[in-house]
Amino acid sequence: MNIKNICCIGAGYVGGPTMAVIAQKCPEINVTVVDINEKRIAAWNDENVENIPIYEPGLSDIVKEARGRNLFFSTDIDAAIDRAEMIFISVNTPTKTYGIGKGMAADLKYIELCARQIARVSTTDKIVVEKSTLPVRTAETLKNILTNTGNGVNYQILSNPEFLAEGTAVEDLLDPDRVLIGGDIDTEAGKDAVQSLVDVYAHWVEKDHILTTNVWSSELSKLTANAFLAQRVSSINAMSELCEKTGADVNEVAKAVGMDSRIGSKFLKASVGFGGSCFQKDILNLVYIAKSFGLNEVANYWEQVILMNDHQKRRFAANMVRTLFNTVSGKKIGFLGWAFKKDTNDTRESAAIYVADYLLNEQAEIVVYDPKVKEEQVYADLDYLNTRSEEENRKRVKVVKDPYEVTKEAHAVAVLTEWDEFKDYDWQKIYDEMLKPAFLFDGRRMLERKSKEKIGFEFYAIGS
Ligand code: UDX
Ligand code: UDX
Ligand code: ADP
């Protein structure tokens with residue numbers, strides 16, 4: 001099928017950047033990104049392109065180039081569906097917070113709503129592409145809903161998982177390690193649908209980087225990739241604790257291990273714990289699927305990755321309390337960073353949230369600075385945990401726009417996100433303005449130890 005109109009349902013961290021790049025690279029295709037969230041769509045349409053709702057290096061330039069030409073953002077979901085030959089589903093699939101599979105399974109409510117809407121609106125044949133990370137066999141659900149409408153419209157379901165990482169979304173989209181497309185490759189119509197999507201990506205991705213598989217392999221590959229990546233972080237974090245006890249240095253260990261080409265050097269950075277919308281959710285989902293097939297050993301194996309990550313966050317916070325003479329009650333603790341990694345304003349599952357929650361339970365007073373995260377987001381993250389009242393969170397946590405307000409008169413400062421700018425701060429000034437002894441906790445192994453100790457800091461870093 002020759003694709004002239006693409007619709008993407010969901011204008012979030014995945015849908016927004018992906019569609020912007022498709023529009024930029026395929027000027028002859030009209031790309032419309034729709035969302036039920038009016039505020040979000042308005043922000044994507046903001047005259048000042050710097051105000052788009054997602055911060056990603058390089059994204060605003062692409063939006064500037066393509067928006068209004070062949071890239072559109074709209075809340076008129078029905079119209080966009082009806083016009084499109086190809087529809088991407090890129091809505092959120094959070095972990096269920098209720099009922100069967102609570103805390104484990106992915107909540108497919110939003111996906112199902114999309115499928116029903118597509119079924120209701122469509123008058124011409126459609127290729128429906130799953131873009132959100134989904135449990136294996138979701139395509140089957142989509143197919144069931146779509147093909148039982150009886151109005152003569154034909155659907156092809158493809159799985160096209162997105163592997164972009166936040167903070168480098170544009171780079172990853174422009175030059176992906178691979179593009180994965182799963183479809184019903186045993187039928188002519190299925191093959192044709194797969195080819196239509198291959199043709200879209202072939203505008204800028206080399207053919208041998210575009211893999212085609214059956215739907216199930218594609219779906220499971222996405223979960224597997226995220227599980228392996230998260231497993232590397234938990235593995236190095238497990239070693240970080242052992243390093244602290246033995247006098248080894250986790251960075252030296254990571255380097256020595258990573259030079260083995262069978263292991264590789266990437267994704268071996270010890271940290272206060274991984275966050276982000278994908279790792280935990282996808283592994284929980286993998287664990288849930290394994291359990292549902294009675295594969296308890298498989299489930300337990302992967303669950304350890306999450307348990308280790310929870311331990312790492314708790315251990316970091318507990319170490320702070322212990323170091324501060326076993327109490328942080330009433331003490332000002334400065335947080336540098338709140339996002340789950342640098343170069344993004346996304347805070348989903350960020351380690352900072354859990355470290356803050358732990359310290360708040362110990363009655364600390366927290367002051368937060370993050371270059372990209374807004375005050376309201378910090379409060380929303382803490383409120384979402386439901387550990388204490390909203391008033392209490394606002395009373396005990398302050399969010400400031402100047403990093404030196406975080407450190408001034410603080411008992412301790414903790415680095416929770418590896419923003420580059422933290423390296424270049426005036427650490428002498430910070431030391432001078434902090435209470436003494438001045439405790440500095442580096443949860444990202446990003447600050448240089450010697451110079452900090454020379455200034456006078458009591459310096460603690462993960463894994464050394
Ligand atoms: C291993 C390490 O590779 C080597 O660096 C170390 O010095 C000693 O231990 P070795 O045991 O000789 O070397 O063989 P290796 O090739 O690592 O295989 C170990 C086992 O893993 C074998 O039984 C192999 O069949 C199995 N294996 C390896 C797999 O099942 N799948 C793989 O992908 C790789
Ligand atoms: C991840 C996958 O990388 C991406 O392919 C998938 O599409 C979505 O999930 P993302 O969550 O955006 O991407 O960021 P990623 O760079 O993978 O980092 C995830 C978390 O792991 C962050 O909190 C990061 O700080 C942490 N991390 C990563 C480490 O602690 N150490 C590392 O070595 C790498
Ligand atoms: P991701 O990281 O997977 O992109 P986000 O939460 O950033 O997730 O984005 C998902 C978007 O999908 C949100 O903006 C949400 O409003 C939108 N969305 C969810 N359900 C629907 C729906 N039924 N129709 C349209 N948009 C939806």
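Each residue, glycine too, has its Cβ placed from N, Cα and C.
Secondary structure at Asp35 (NAD(+) binding site), as computed by DSSP, is coil. Sequence annotations record features per position, and here TrEMBL assigns NAD(+) binding site to 10-15, Asp35, Arg40, 91-95, 132-133, Glu166, 278-281, Arg348.
Annotation source TrEMBL lists substrate binding site at 162-166, 222-226, Arg262, 269-275, 340-341, Arg444. According to its DSSP assignment, Leu223 (substrate binding site) is helical. Every protein chain considered, the tally of other Cβ atoms within 10 Å of the Cβ of Leu223 (substrate binding site) stands at 22.
Annotated active site, nucleophile per TrEMBL: Cys278, in sequence order. Annotation note: Cys278 (active site, nucleophile) sits in a coil segment as assigned by DSSP.
If you look up TrEMBL, you'll see 334-449 marked as domain 'UDP-glucose/GDP-mannose dehydrogenase C-terminal'.
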Neighbour count (Cβ, 10 Å) for Glu166 (NAD(+) binding site): 24
Listed recorded positions adjacent to ligand 2, that is, members of Asn92, Ala165, Glu166, Cys278, Gln280, Phe340 whose C-beta is under 6 A away: Ala165, Glu166, Cys278, Phe340
C-alpha spacing of Asp35 (NAD(+) binding site) relative to Glu162 (substrate binding site), in angstrom: 19
Local backbone state of Thr95 (NAD(+) binding site), from DSSP in three classes: strand
Lowest local Cβ density among Ala165, Ala270, Cys278, which the record lists as recorded positions, within 10 Å: Ala165
Asn226 (substrate binding site): tally of other CB atoms within 10 A of its CB: 22
Spatial neighbour of Leu223 (substrate binding site) that is closest, considering only the binding-site residues Tyr13, Asp35, Glu166, Gln280 and their CA atoms: Gln280
Helix, strand and coil residues within the domain 'UDP-glucose/GDP-mannose dehydrogenase C-terminal' (334-449) as assigned by DSSP: 47 helix, 19 strand, 50 coil
